[in-house]
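Copied over from TrEMBL:
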| type | residues | note |
| --- | --- | --- |
| ZN_FING | 32-98 | zinc finger |
| DOMAIN | 32-98 | domain 'UBR-type' |
| REGION | 153-176 | region 'Disordered' |
| COMPBIAS | 153-164 | compositional bias 'Basic and acidic residues' |
| REGION | 227-308 | region 'Disordered' |
| COMPBIAS | 280-290 | compositional bias 'Pro residues' |
Amino acid sequence: MSSSDSQTLTALAEQHRTLVEAAAEALPHQFSQCTYALGPIRQAVYLCLTCGEPRGICSACSIACHTDHEQLELFPKRAFRCDCPTRALAHACTLHSTPEEENAGNKYGHNFEGVFCRCGRPYDAKKERETMVQCVACEDWFHESCLNLRERPPERASTPEDHNAASTEDDASDASDDLPLALITADDYDSFVCGACVRGIPTLRQYAGTPGALMVVRDAPGQPWKIIGREESTDGTATVEVTEGTETEEPDVGEKRARSADEEEVPSAKRPRVSTEPSASPPCLAPPENPVAQKTLDCSSSGDLGAGDVFLTEGWRERWCKCESVRL
């Protein structure tokens, strides 16, 4: 074997090792084992369109059992148990030979019908130009236009190159370059909760529209959308026009107010005495409700004033009130 052949084999081995490590990081469970035995866990879930049943399969079964089937990635779902070994799917599981009863604990939203977002549209990677955002509560995916972050762009026209996966990815990236800037970008928030989930979580509903819990609202139908809950603005509101085909500039934001000397240097003799007796209940740390946000949540069945979605900024878990039993 020549030295050049040896170098080529070494390079191939290194490339293989890198790919295996990347796959293990993206799909932490072993490809040779179905995750059914692990019970309900948070894991990547796939919908087998060929089998035609609204059920989900794990990453290993998507490769080993349904490799020649058409599939749709549903991305991570919490507390989900693989349906491949169950009697819900007629296609036999090759990794878990014992047929199991149907999973009664799994939740099957409309994602398992192949549609996403409140608009109920199917996802087509060859035509979709928009970024989609996942709700951390219900784990559904939403178009930025359906979140009132930008106008809905036209679908990207299919091309012969779309049959090539690498070309499709490049074209999709290029097609997104000319989209207007979203009112709230990925750098502006840490987690997103859709309006339907906000209404079902009392503590989050109270935080909606307050500093660190951004909302996109408007005063009346036809008026420009504005952002409430910005920490940097003096009144928590930033108004932004949404226009199709033009780039939207981010509003100017001021610096955060520095803590005053009176707040930092309170003489110890004047500090209030702290009781050592246990309190009946911890004090509520939640801010006063934002009336604009509450009006939007009360009237958002039509969506004219906003959908009630909340974008939580970094550190929101530390700011979360601990006196409520409701948790996200």
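Here the Cβ of each residue, glycine as well, is placed from N, Cα and C on the backbone.
All TrEMBL annotations are machine predictions without curation.
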Helix, strand and coil totals (DSSP H, G, I; E, B; other) for the domain 'UBR-type' (32-98): 10 helix, 21 strand, 36 coil
Rounded mean pLDDT for the residues that make up the domain 'UBR-type' (32-98): 94
